[in-house]
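Report on the following structure.
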Amino acid sequence: MDSQVLVALALSLVGGLSTSLGALFVILNQAPNLKMLGLLQGFAAGLMLSISFLDLAHNAMNSIGFLKGNLWFFSGVIFFAVVANFIPEPTLSHSSEVKGKKNKGDEGGKDMMKKHRRQVFFSGIITAMGISLHNFPEGMAVFLGSMKGLRVGLNLALAIALHNIPEGVAVALPVYFATQSKWQAFKLATLSGFAEPLGVVIVAYLFPSSLSPEILEGLLGSVGGVMAFLTLHEMLPLAFDYAGQKQAVKAVFFGMAFMSASLYFLELSLPKDMSL
């Protein structure tokens, strides 16, 4: 294996495995109550929406044009809207209904809690999928940066590492709440970070040098559409149900602001002729 590829792979592992640090913050504390979970789901939804609209879709429209960028984005939305029709999911239930059933008996309360846990676990899987798709182009960026020089690659890997820690929290938290398993939460958050070194491997060996940048940007725009649909269809209803609409909306915008700031500082670490 080429030494430059090995360096890029090592640097991408530093960035990717920082999701494990986020998971550690979660599993070293007690699982949150439903209201706190709702707030953190809102925060995670804000992260996902910021990545989708202000990163992937924005870059696609800047690179291949407004019309083409939108067509790719909404093709991702439509694709996953069709797929979602075939995905079984538990129905949402309001917290007042939960309390009412708990008052009727322990059995009803236990059944409702199982439904909540299934619902939250599904949300954690969705977050892991979205963040993995987001981490993939970051691996590509680390590879290209390391080709320009070790200093550029190292700066970029460290910036991505800081940027990925809250993503690890967003993945591990719902999984820990749903399964009560620290290992499952840590494992899923860590696996979501492995998309980054995978991006290095694919860029280095699998993609032909003649791959059209327009197609690549379009595919990433479609990923943004998929993530936007997943967030609005699955994560926001959970946040509203558990934390209340007003508090959840605040958490969403806080998550968006946090990710936007993170993307801004990450962009500053890139060379002028590169972008995520």
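The backbone N, Cα and C atoms fix where each Cβ goes, and this holds for glycine too.
The transmembrane segment feature in TrEMBL is assigned to 6-27, 39-57, 69-87, 120-136, 156-176, 188-207, 219-236, 248-266.
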Per Cβ pairs under 8 Å, the stretch of 39-57, 69-87, 120-136, 188-207, 248-266 packing most closely against the transmembrane segment (6-27): 188-207
Recorded stretch that, among 69-87, 156-176, 188-207, 219-236, has the most CB pairs under 8 Å to the transmembrane segment (248-266): 156-176
Criterion met for the transmembrane segment (39-57) and the transmembrane segment (188-207) (at least three Cβ pairs under 8 Å): no
Feature contact check the transmembrane segment (156-176) with the transmembrane segment (120-136), CB under 8 Å, 3 or more pairs: yes
Beyond the flanks of the transmembrane segment (219-236) by 6 or more, those residues with Cβ under 8 Å of it: 41-42, 44-45, 48-49, 51-53, 55-57, 59-61, 64, 69, 72-81, 84, 89, 122-123, 126-127, 129-130, 133-134, 137, 248, 252
